[in-house]
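Report on the following structure.
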């Protein structure tokens with residue numbers, strides 16, 4: 001195995017193929033942006049080093065692609081060769097200006113400011129590769145010791161990376177030689193060294209390299225005077241020293257926009273990114289400036305193309321920022337919507353048609369997602385079966401909700417103050433705090449008192465008719481958020497609570513409990529005045545208003561008051577002439593559903 005020691009020189013020519021590393025498209029996509037930048041810097045620097053010593057005469061295709069900012073995997077990978085490990089200790093390092101021969105002309109310049117302001121992973125490794133003043137590192141003794149495990153190292157960088165194992169920092173260690181790297185790419189490229197012949201060894205620190213030029217570049221970190229450039233460049237300018245000729249040859253890369261000059265193409269490419277950052281686009285709606293891709297992301301926020309759990313909150317914030325428009329209007333009821341999809345879903349309420357039909361059982365559905373779930377029954381796709389009642393659910397969420405029915409074996413406990421039912425004593429005790437606390441907030445219209453201002457504000461929506469929570473599917477509005485949440489279950493058709501007697505399904509356990517009273521005949525809510533009983537608490541409340549004469553729902557147009565909100569809604573249609581209930585056969589419209597039902601009986605008699 002030949003080894004390059006001392007001042008031994010080899011006449012074997014070095015080509016760009018000896019240093020180039022090629023990636024396939026799949027391998028390139030696995031690299032992170034930092035790893036791609038590191039690969040670009042090393043490849044460009046290796047090429048320009050070969051050009052400076054006269055070892056490269058033709059520009060390879062991969063260099064042309066890298067300088068244009070294109071992906072290098074487009075190059076034909078037929079000449080795959082192994083190269084130096086990226087990010088390791090044998091990277092190319094320029095000679096510091098402080099080591100220049102001051103006897104010659106003053107050509108050395110300070111590093112460009114823009115070159116210093118753009119830190120790269122390569123720069124970090126070069127910084128740690130600066131030779132130490134301690135000469136023990138070259139005498140074969142390991143002078144740096146880890147305080148945690150006692151392991152010794154030649155270099156401070158190796159010690160720092162090793163200590164990352166103790167501190168928990170992300171690092172990658174070679175299983176063969178124990179060398180540690182910050183990036184997985186550096187480790188992969190380094191492991192290629194163990195699979196090849198180790199030919200070139202540094203006589204000062206003992207590092208081994210598989211390429212001669214890599215060793216020559218590495219030697220410059222030990223002694224600035226041993227620069228391999230002088231053999232080729234000393235004749236180009238006899239009045240200058242060999243080292244000064246290096247600056248004259250390398251400093252040829254000039255920025256066309258600002259005129260700055262750089263010694264490496266990689267430094268020029270990094271500098272150009274500063275000018276590219278200034279190219280921003282302003283979004284006309286809010287005036288904020290962005291680059292190409294971020295402006296598209298911000299545009300989605302402005303126009304509302306963003307999913308969020310609390311859509312009502314996002315909608316209210318959007319209305320405060322920009323003027324909201326609802327260009328899509330229903331021709332039958334004149335309701336307007338911001339999206340055409342919401343309008344199409346709303347129009348199904350008038351036509352009562354379900355456009356999605358199953359080809360096997362002819363069952364129709366209002367939404368495509370519901371049809372897809374239904375098709376699982378025919379296809380035999382994975383289903384969830386209950387162990388207790390053998391009910392089969394198509395979705396895991398429905399199966400979890402269904403299991404709660406079997407857990408609800410305890411008898412419901414009723415609150416004596418308001419009549420609400422609870423599944424356990426713990427929930428009842430929490431509820432009783434509402435009745436025991438002080439209620440300083442009083443409603444001016446119905447004199448009802450509340451313990452919190454938020455409860456009073458929600459209650460006053462009954463009198464004002466305000467309904468800020470609107471369903472995006474059908475356009476129906478509600479005064480409380482919880483009412484909107486319950487309503488959305490109608491569209492999802494998720495009804496896990498099924499009656500054991502008639503098979504009717506419900507979306508809430510409370511609705512199932514109310515329905516079961518129809519079969520049992522139970523009427524737990526009795527009027528204290530006339531002893532009349534009801535199956536639902538709301539029916540009792542409406543009945544008691546007939547004794548007290550309370551009418552909390554007042555019309556804003558004529559001032560007429562009503563005991564229930566549904567009566568007020570029906571009354572308001574007399575002012576607006578709204579007739580939402582339309583006959584599908586003759587097109588006649590009515591303001592009440594009961595009137596439509598009576599009218600449809602005429603068509604049924606004609607058919608008979």
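Using the three backbone atoms N, Cα and C, a Cβ is placed for every residue, glycine included.
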Matching range for Swiss-Prot feature annotation, zinc finger, among 290-312, 497-519:
497-519
So which range, 39-61, 200-222, gets flagged zinc finger in Swiss-Prot?
200-222
Surrounding residues of the zinc finger (469-491) on its own chain - C-beta under 8 Å, 6+ positions past either end:
311-312, 330, 335, 337, 339, 342, 345-346, 348-349, 366-367, 458, 461-462, 507-508
Secondary structure content of the zinc finger (384-406), with strand meaning DSSP E or B:
11 helix, 4 strand, 8 coil
Looking only at residues six or more beyond either end of the zinc finger (384-406), which have a C-beta under 8 A from one in the stretch?
373-374, 376-377, 494, 496-498, 509, 512
Could you tell me the mean pLDDT the prediction assigns to the zinc finger (144-166)?
73
If you count every Cβ pair below 8 Å, which range out of 253-275, 356-378, 497-519, 525-547 shares the most with the zinc finger (413-435)?
525-547
Secondary structure tally of the zinc finger (413-435) (DSSP, helix then strand then coil):
11 helix, 4 strand, 8 coil
